[in-house]
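Colleague: So TrEMBL lists the following for this protein:
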- 174-237: domain 'Metaxin glutathione S-transferase' (DOMAIN)
- 272-294: transmembrane segment (TRANSMEM)
Amino acid sequence: MAAPMELFCWSGGWGLPSVDLDSLAVLTYARFTGAPLKVYKITNPWRSPSGTLPALRTSHGEVISVPHKIITHLRKEKYNADYDLSARQGADTLAFMSLLEEKLLPVLIHTFWVDTKNYVEVTRKWYAEAMPFPLNFFLPGRMQRQFMERLQLLCGEHRPENEEELEKELYQEARECLTLLSQRLGSQKFFFGDAPASLDAFVFGYLAPLLQARLPSGRLQAHLRGLHNLCAYCAHILSLYFPWDGAEVPPPRQTPAGPEAEEEPYRRRNQVLSVLAGLAAMAGYALLSGIVSIQRAAPARAPGTRSLSMADEEEDE
(Lines of atoms letter the chains of each structure in order from A; the text may use other names.)
(Lines give C-alpha, C1' and ligand atoms only; values in the text may rest on other atoms or scores of the structure.)
Protein backbone atom coordinates (compact mmCIF):
# COMPACT_ATOMS: atom_id res chain seq x y z
CA MET A 1 0.00 0.00 0.00
CA ALA A 2 1.39 3.41 -1.02
CA ALA A 3 2.17 5.94 1.68
CA PRO A 4 -0.32 8.81 2.05
CA MET A 5 0.48 12.19 0.55
CA GLU A 6 1.72 14.67 3.16
CA LEU A 7 1.26 18.43 3.00
CA PHE A 8 3.43 20.73 5.11
CA CYS A 9 2.19 24.32 5.41
CA TRP A 10 2.26 27.35 7.68
CA SER A 11 -0.11 27.15 10.62
CA GLY A 12 -3.17 29.31 11.06
CA GLY A 13 -3.88 32.71 12.54
CA TRP A 14 -6.16 35.75 12.08
CA GLY A 15 -9.13 33.33 11.97
CA LEU A 16 -7.68 31.48 8.95
CA PRO A 17 -6.35 27.91 8.54
CA SER A 18 -3.03 29.41 7.37
CA VAL A 19 -1.62 32.93 7.32
CA ASP A 20 0.56 32.26 4.26
CA LEU A 21 -0.92 33.04 0.84
CA ASP A 22 0.56 30.02 -0.93
CA SER A 23 -0.18 27.60 1.91
CA LEU A 24 -3.77 28.82 2.10
CA ALA A 25 -4.30 28.44 -1.67
CA VAL A 26 -2.99 24.84 -1.66
CA LEU A 27 -5.00 23.93 1.45
CA THR A 28 -8.15 25.36 -0.13
CA TYR A 29 -7.65 23.45 -3.39
CA ALA A 30 -7.15 20.22 -1.42
CA ARG A 31 -10.42 20.83 0.46
CA PHE A 32 -12.25 21.57 -2.80
CA THR A 33 -11.17 18.25 -4.32
CA GLY A 34 -11.24 16.10 -1.19
CA ALA A 35 -7.63 15.03 -1.74
CA PRO A 36 -6.59 12.59 1.02
CA LEU A 37 -3.68 14.57 2.44
CA LYS A 38 -2.05 14.21 5.81
CA VAL A 39 -1.65 17.87 6.72
CA TYR A 40 1.04 19.19 9.05
CA LYS A 41 0.54 22.83 10.03
CA ILE A 42 3.89 23.93 11.38
CA THR A 43 5.74 27.13 12.28
CA ASN A 44 9.26 25.93 11.50
CA PRO A 45 9.94 25.70 7.74
CA TRP A 46 13.13 23.73 8.43
CA ARG A 47 10.94 20.80 9.48
CA SER A 48 9.51 20.66 5.98
CA PRO A 49 11.13 18.08 3.67
CA SER A 50 12.08 20.90 1.29
CA GLY A 51 12.99 23.50 3.93
CA THR A 52 10.20 25.74 2.60
CA LEU A 53 6.43 25.97 2.97
CA PRO A 54 4.16 24.79 1.50
CA ALA A 55 5.62 21.43 0.50
CA LEU A 56 4.03 18.18 -0.62
CA ARG A 57 5.56 14.75 -0.12
CA THR A 58 3.95 12.44 -2.64
CA SER A 59 3.06 8.79 -2.08
CA HIS A 60 6.28 7.91 -3.93
CA GLY A 61 8.47 10.09 -1.73
CA GLU A 62 8.92 12.96 -4.20
CA VAL A 63 8.94 16.44 -2.66
CA ILE A 64 7.20 19.34 -4.45
CA SER A 65 7.45 22.88 -3.06
CA VAL A 66 5.90 25.18 -5.70
CA PRO A 67 2.12 25.77 -5.22
CA HIS A 68 1.24 25.46 -8.93
CA LYS A 69 3.25 22.24 -9.20
CA ILE A 70 1.57 20.85 -6.08
CA ILE A 71 -1.84 21.46 -7.64
CA THR A 72 -0.67 19.95 -10.94
CA HIS A 73 0.38 16.81 -9.08
CA LEU A 74 -3.01 16.59 -7.35
CA ARG A 75 -4.66 16.81 -10.76
CA LYS A 76 -2.53 13.92 -11.99
CA GLU A 77 -3.77 11.94 -8.98
CA LYS A 78 -7.35 12.50 -10.19
CA TYR A 79 -8.13 15.36 -7.78
CA ASN A 80 -9.02 17.96 -10.37
CA ALA A 81 -11.25 20.88 -9.44
CA ASP A 82 -11.25 22.05 -13.08
CA TYR A 83 -12.48 18.78 -14.57
CA ASP A 84 -15.93 20.11 -15.55
CA LEU A 85 -14.76 23.46 -16.94
CA SER A 86 -15.28 24.25 -20.60
CA ALA A 87 -12.45 25.30 -22.90
CA ARG A 88 -13.48 28.95 -22.55
CA GLN A 89 -13.61 28.69 -18.77
CA GLY A 90 -10.15 27.11 -18.82
CA ALA A 91 -8.88 30.07 -20.84
CA ASP A 92 -10.54 32.48 -18.39
CA THR A 93 -8.80 30.66 -15.55
CA LEU A 94 -5.38 31.23 -17.14
CA ALA A 95 -6.19 34.90 -17.79
CA PHE A 96 -7.34 35.59 -14.24
CA MET A 97 -4.42 33.66 -12.73
CA SER A 98 -2.08 35.88 -14.73
CA LEU A 99 -3.98 38.94 -13.53
CA LEU A 100 -3.63 37.85 -9.88
CA GLU A 101 0.09 37.23 -10.33
CA GLU A 102 0.84 40.52 -12.07
CA LYS A 103 -1.55 42.99 -10.43
CA LEU A 104 -2.59 41.72 -7.00
CA LEU A 105 0.30 39.65 -5.65
CA PRO A 106 2.88 42.51 -5.74
CA VAL A 107 0.64 44.70 -3.57
CA LEU A 108 -0.08 41.86 -1.15
CA ILE A 109 3.67 41.37 -0.71
CA HIS A 110 4.09 45.12 -0.24
CA THR A 111 1.21 45.26 2.24
CA PHE A 112 2.44 42.47 4.52
CA TRP A 113 6.23 42.55 4.07
CA VAL A 114 7.30 46.03 2.92
CA ASP A 115 4.89 48.48 4.56
CA THR A 116 6.69 49.29 7.82
CA LYS A 117 3.66 49.50 10.13
CA ASN A 118 2.05 46.33 8.84
CA TYR A 119 5.30 44.38 8.90
CA VAL A 120 6.26 45.39 12.44
CA GLU A 121 2.84 45.24 14.07
CA VAL A 122 1.27 42.31 12.20
CA THR A 123 3.53 40.17 10.02
CA ARG A 124 6.77 40.07 12.00
CA LYS A 125 4.83 39.94 15.26
CA TRP A 126 2.93 36.81 14.20
CA TYR A 127 5.95 34.94 12.86
CA ALA A 128 8.19 35.92 15.79
CA GLU A 129 5.61 34.69 18.29
CA ALA A 130 4.84 31.50 16.35
CA MET A 131 8.37 30.38 15.48
CA PRO A 132 10.51 28.43 17.95
CA PHE A 133 13.65 29.90 19.49
CA PRO A 134 16.14 30.82 18.05
CA LEU A 135 14.54 30.97 14.57
CA ASN A 136 12.21 33.76 15.64
CA PHE A 137 15.22 36.10 16.02
CA PHE A 138 16.44 36.00 12.43
CA LEU A 139 14.06 34.06 10.16
CA PRO A 140 11.31 36.75 9.84
CA GLY A 141 13.94 39.22 8.62
CA ARG A 142 15.31 36.69 6.14
CA MET A 143 11.79 36.01 4.88
CA GLN A 144 11.22 39.75 4.43
CA ARG A 145 14.33 40.04 2.26
CA GLN A 146 13.18 37.06 0.16
CA PHE A 147 9.76 38.63 -0.37
CA MET A 148 11.33 41.96 -1.31
CA GLU A 149 13.45 40.17 -3.93
CA ARG A 150 10.31 38.44 -5.18
CA LEU A 151 8.57 41.81 -5.41
CA GLN A 152 11.40 43.21 -7.53
CA LEU A 153 11.09 40.27 -9.91
CA LEU A 154 7.32 40.73 -10.18
CA CYS A 155 7.63 44.46 -10.88
CA GLY A 156 10.21 43.93 -13.61
CA GLU A 157 12.67 46.39 -15.13
CA HIS A 158 10.10 48.91 -16.36
CA ARG A 159 8.93 50.04 -12.96
CA PRO A 160 9.19 53.75 -11.96
CA GLU A 161 12.42 54.78 -10.24
CA ASN A 162 10.59 56.80 -7.60
CA GLU A 163 9.32 54.56 -4.79
CA GLU A 164 6.24 56.73 -4.18
CA GLU A 165 5.26 56.57 -7.85
CA LEU A 166 5.81 52.81 -7.86
CA GLU A 167 3.66 52.34 -4.78
CA LYS A 168 0.91 54.53 -6.20
CA GLU A 169 0.94 52.62 -9.48
CA LEU A 170 0.91 49.21 -7.78
CA TYR A 171 -2.02 50.06 -5.51
CA GLN A 172 -4.02 51.56 -8.36
CA GLU A 173 -3.60 48.38 -10.43
CA ALA A 174 -4.49 46.20 -7.43
CA ARG A 175 -7.73 48.16 -6.81
CA GLU A 176 -8.66 47.73 -10.47
CA CYS A 177 -7.92 44.00 -10.19
CA LEU A 178 -10.20 43.64 -7.16
CA THR A 179 -12.97 45.55 -8.89
CA LEU A 180 -12.65 43.31 -11.96
CA LEU A 181 -12.82 40.19 -9.76
CA SER A 182 -15.93 41.55 -8.07
CA GLN A 183 -17.61 42.20 -11.41
CA ARG A 184 -16.67 38.74 -12.72
CA LEU A 185 -17.99 36.99 -9.61
CA GLY A 186 -21.27 38.91 -9.54
CA SER A 187 -23.87 37.07 -7.47
CA GLN A 188 -22.44 33.59 -8.09
CA LYS A 189 -21.19 31.34 -5.30
CA PHE A 190 -17.95 30.69 -7.17
CA PHE A 191 -16.33 32.13 -10.28
CA PHE A 192 -17.68 29.42 -12.57
CA GLY A 193 -21.03 28.70 -10.98
CA ASP A 194 -21.99 26.50 -8.05
CA ALA A 195 -18.80 24.40 -7.88
CA PRO A 196 -15.34 25.70 -6.87
CA ALA A 197 -12.37 25.53 -9.22
CA SER A 198 -8.63 26.17 -8.96
CA LEU A 199 -9.17 29.89 -9.59
CA ASP A 200 -11.35 30.06 -6.49
CA ALA A 201 -8.58 28.47 -4.41
CA PHE A 202 -6.07 31.15 -5.41
CA VAL A 203 -8.50 34.06 -5.15
CA PHE A 204 -9.51 32.97 -1.65
CA GLY A 205 -5.87 32.33 -0.70
CA TYR A 206 -4.97 35.89 -1.73
CA LEU A 207 -8.03 37.77 -0.47
CA ALA A 208 -8.74 36.09 2.88
CA PRO A 209 -5.52 37.22 4.66
CA LEU A 210 -6.01 40.76 3.36
CA LEU A 211 -9.59 40.70 4.62
CA GLN A 212 -8.92 39.07 8.01
CA ALA A 213 -5.66 40.64 9.23
CA ARG A 214 -5.91 43.71 11.47
CA LEU A 215 -3.69 46.00 9.44
CA PRO A 216 -2.76 49.45 10.80
CA SER A 217 -2.10 50.53 7.20
CA GLY A 218 -4.93 49.07 5.16
CA ARG A 219 -5.55 51.07 2.01
CA LEU A 220 -6.20 48.03 -0.18
CA GLN A 221 -8.05 46.32 2.65
CA ALA A 222 -10.51 49.21 2.81
CA HIS A 223 -11.19 48.89 -0.92
CA LEU A 224 -11.74 45.13 -0.59
CA ARG A 225 -14.18 45.58 2.28
CA GLY A 226 -16.20 47.87 0.05
CA LEU A 227 -16.71 45.02 -2.44
CA HIS A 228 -19.38 43.16 -0.52
CA ASN A 229 -19.73 40.18 -2.84
CA LEU A 230 -16.01 39.35 -2.48
CA CYS A 231 -16.30 39.61 1.31
CA ALA A 232 -19.32 37.28 1.33
CA TYR A 233 -17.46 34.95 -1.06
CA CYS A 234 -14.51 34.61 1.35
CA ALA A 235 -16.80 34.13 4.35
CA HIS A 236 -18.73 31.44 2.45
CA ILE A 237 -15.60 29.43 1.59
CA LEU A 238 -14.23 29.79 5.12
CA SER A 239 -17.41 28.55 6.78
CA LEU A 240 -18.10 25.78 4.26
CA TYR A 241 -14.63 24.26 3.81
CA PHE A 242 -12.86 25.31 7.03
CA PRO A 243 -15.60 25.26 9.69
CA TRP A 244 -13.15 24.64 12.53
CA ASP A 245 -9.86 25.79 11.04
CA GLY A 246 -11.05 29.38 10.93
CA ALA A 247 -12.90 29.34 14.24
CA GLU A 248 -11.68 31.40 17.15
CA VAL A 249 -11.92 28.42 19.49
CA PRO A 250 -11.30 25.13 17.65
CA PRO A 251 -12.63 21.90 19.10
CA PRO A 252 -10.28 19.70 21.11
CA ARG A 253 -8.42 17.25 18.94
CA GLN A 254 -5.90 14.52 19.51
CA THR A 255 -2.28 15.24 18.77
CA PRO A 256 -1.49 13.84 15.31
CA ALA A 257 1.32 11.40 14.85
CA GLY A 258 4.15 12.82 12.82
CA PRO A 259 6.60 15.70 12.97
CA GLU A 260 4.52 17.57 15.55
CA ALA A 261 4.09 14.58 17.85
CA GLU A 262 7.56 13.70 19.02
CA GLU A 263 8.19 11.62 22.07
CA GLU A 264 9.13 13.64 25.10
CA PRO A 265 12.86 12.69 25.26
CA TYR A 266 13.35 13.65 21.62
CA ARG A 267 11.39 16.86 22.06
CA ARG A 268 13.54 17.84 25.05
CA ARG A 269 16.69 16.91 23.13
CA ASN A 270 15.66 19.08 20.19
CA GLN A 271 14.89 22.00 22.49
CA VAL A 272 18.32 21.75 24.11
CA LEU A 273 20.05 21.48 20.73
CA SER A 274 18.11 24.51 19.46
CA VAL A 275 19.19 26.57 22.48
CA LEU A 276 22.83 25.49 22.08
CA ALA A 277 22.77 26.25 18.37
CA GLY A 278 21.31 29.70 19.05
CA LEU A 279 23.92 30.49 21.70
CA ALA A 280 26.71 29.31 19.40
CA ALA A 281 25.39 31.45 16.54
CA MET A 282 25.14 34.54 18.72
CA ALA A 283 28.61 33.99 20.17
CA GLY A 284 30.07 33.51 16.68
CA TYR A 285 28.38 36.70 15.46
CA ALA A 286 29.72 38.65 18.46
CA LEU A 287 33.28 37.45 17.82
CA LEU A 288 33.21 38.05 14.06
CA SER A 289 31.66 41.51 14.35
CA GLY A 290 34.15 42.62 17.00
CA ILE A 291 31.55 43.13 19.71
CA VAL A 292 33.51 40.72 21.89
CA SER A 293 37.26 40.17 21.60
CA ILE A 294 39.54 37.71 23.34
CA GLN A 295 42.92 38.95 24.58
CA ARG A 296 45.63 36.58 25.78
CA ALA A 297 47.11 37.76 29.08
CA ALA A 298 50.74 37.10 30.03
CA PRO A 299 51.12 34.39 32.71
CA ALA A 300 51.77 35.63 36.23
CA ARG A 301 55.30 35.03 37.62
CA ALA A 302 56.54 34.75 41.12
CA PRO A 303 58.59 37.72 42.41
CA GLY A 304 62.29 37.51 41.60
CA THR A 305 61.92 35.05 38.72
CA ARG A 306 63.02 35.74 35.19
CA SER A 307 62.12 34.24 31.90
CA LEU A 308 63.79 31.08 30.71
CA SER A 309 65.30 32.85 27.73
CA MET A 310 67.10 35.38 29.91
CA ALA A 311 68.47 32.60 32.09
CA ASP A 312 69.73 30.77 29.01
CA GLU A 313 71.48 33.90 27.75
CA GLU A 314 73.29 34.32 31.07
CA GLU A 315 74.43 30.69 31.00
CA ASP A 316 75.82 31.16 27.51
CA GLU A 317 77.85 34.14 28.64
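Note: Cβ is positioned from N, Cα and C throughout, glycine not excepted.
The shown structure was predicted, so the numbers you read here are calculated from the model rather than taken from an experiment.
Tell me about the setting of these features in this model.
Modeller: Regional average pLDDT for the domain 'Metaxin glutathione S-transferase' (174-237) in the model is 96.
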Colleague: How many helix, strand and coil residues does the domain 'Metaxin glutathione S-transferase' (174-237) contain under DSSP?
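Modeller: Secondary-structure breakdown of the domain 'Metaxin glutathione S-transferase' (174-237): 44 helix, 2 strand, 18 coil.
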